[in-house]
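J.: For reference, TrEMBL lists these features for the protein:
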type	residues	note
SIGNAL	1-25	signal peptide
DOMAIN	6-214	domain 'GH16'
ACT_SITE	E100	active site, nucleophile
ACT_SITE	E104	active site, proton donor
CARBOHYD	N108	N-linked glycosylation site
Amino acid sequence: MVSFPMEFKCVFLGISLIMVGLVSSSRFEELYQPSWATDHLTNEGEILRMKLDNLSGAGFSSKNKYMFGKVTVQIKLVEGDSAGTVTAFYMSSEGPTHNEFDFEFLGNTTGEPYSVQTNVYVNGVGNREQRLNLWFDPSKEFHSYSILWNQRRVVFLVDDTPIRVHSNLEHKGIPFPKDQAMGVYSSIWNADDWATQGGRVKTDWSHAPFIASYRGFEIDGCECPATVAAAENSKRCSSSAVKRYWWDEPVMSELSLHQSHQLIWVRANHMVYDYCTDTARFPVAPVECQHHQHKFHN
């Protein structure tokens with residue numbers, strides 16, 4: 001675990017950067033705490049395990065909230081028959097007009113691919129689901145899942161491969177989540193009313209407990225004290241003439257050419273649902289989708 005003071009100045013390629021908040025890369029208890037069903041969490045040093053049985057699931061949350069930066073965790077998902085279970089890793093603010101960025105890993109019957117659903121809530125409104133089948137078995141080894149967040153975009157990454165980009169389109173009148181500090185959360189629970197094949201396949205409790213394992217806890221972002229007003233946090237966590245944050249550097253404002261190719265590959269080969277193309281739900285495509293479809297030639 002590497003920890004920096006609140007304002008640690010470093011020089012990188014001649015640019016003075018300020019790294020704010022906590023940077024950590026292994027231990028759960030430095031950054032997180034159990035949030036419910038504490039008897040269903042086991043902390044084994046560098047590895048945390050959460051279980052779901054017919055009594056309860058479990059969850060944990062970050063001790064602090066953040067505005068911009070990158071959060072990462074390595075997860076080994078439920079092995080074997082995981083149908084009906086959902087393991088989530090997400091960021092969220094509080095209140096009825098909250099913002100939220102979701103990874104939801106949807107279990108399946110043995111041998112069927114695990115799928116991951118992402119969603120973005122802005123000012124309390126979600127309905128932006130995308131779902132893809134992962135190109136590996138996430139129950140066999142640990143894989144990293146990250147959310148990168150700055151004023152220009154939100155990027156979901158799997159093993160540093162971008163699988164989704166939610167861009168700031170405020171110039172088109174679309175709200176963007178940039179003014180609410182977020183906590184980081186994870187949970188495992190039973191969702192067999194919808195998680196697997198639309199709820200047709202139920203949880204088989206004879207295979208319980210269902211266990212998700214975690215390690216490699218990293219948060220590199222602007223920590224927002226609860227005592228500081230939201231507007232002040234937003235200002236404090238944004239670059240200005242006197243301070244520069246790594247997440248506001250030009251290189252972080254768009255994908256590299258390699259990353260763009262990775263995203264196109266993911267969408268072409270592994271995406272199984274995109275709200276932007278669901279004409280039954282959205283006879284008129286949402287405005288951000290029109291931008292999206294033009295970009296990817298869908």
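The backbone N, Cα and C atoms fix where each Cβ goes, and this holds for glycine too.
TrEMBL annotations: computationally assigned, not manually curated.
Describe the structural context of each listed feature in the structure shown, including burial, neighbouring residues and relevant distances.
T.: Every protein chain shown contributes to the tally, and the Cβ of E104 (active site, proton donor) ends up with 19 other Cβ atoms within 10 Å.
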J.: Could you state the CA-to-CA distance between E100 (active site, nucleophile) and N108 (N-linked glycosylation site) to the nearest Å?
T.: 25
J.: Which of E100, N108 (the recorded positions) has the most other Cβ atoms within 10 Å?
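T.: Result for the most crowded candidate: N108.
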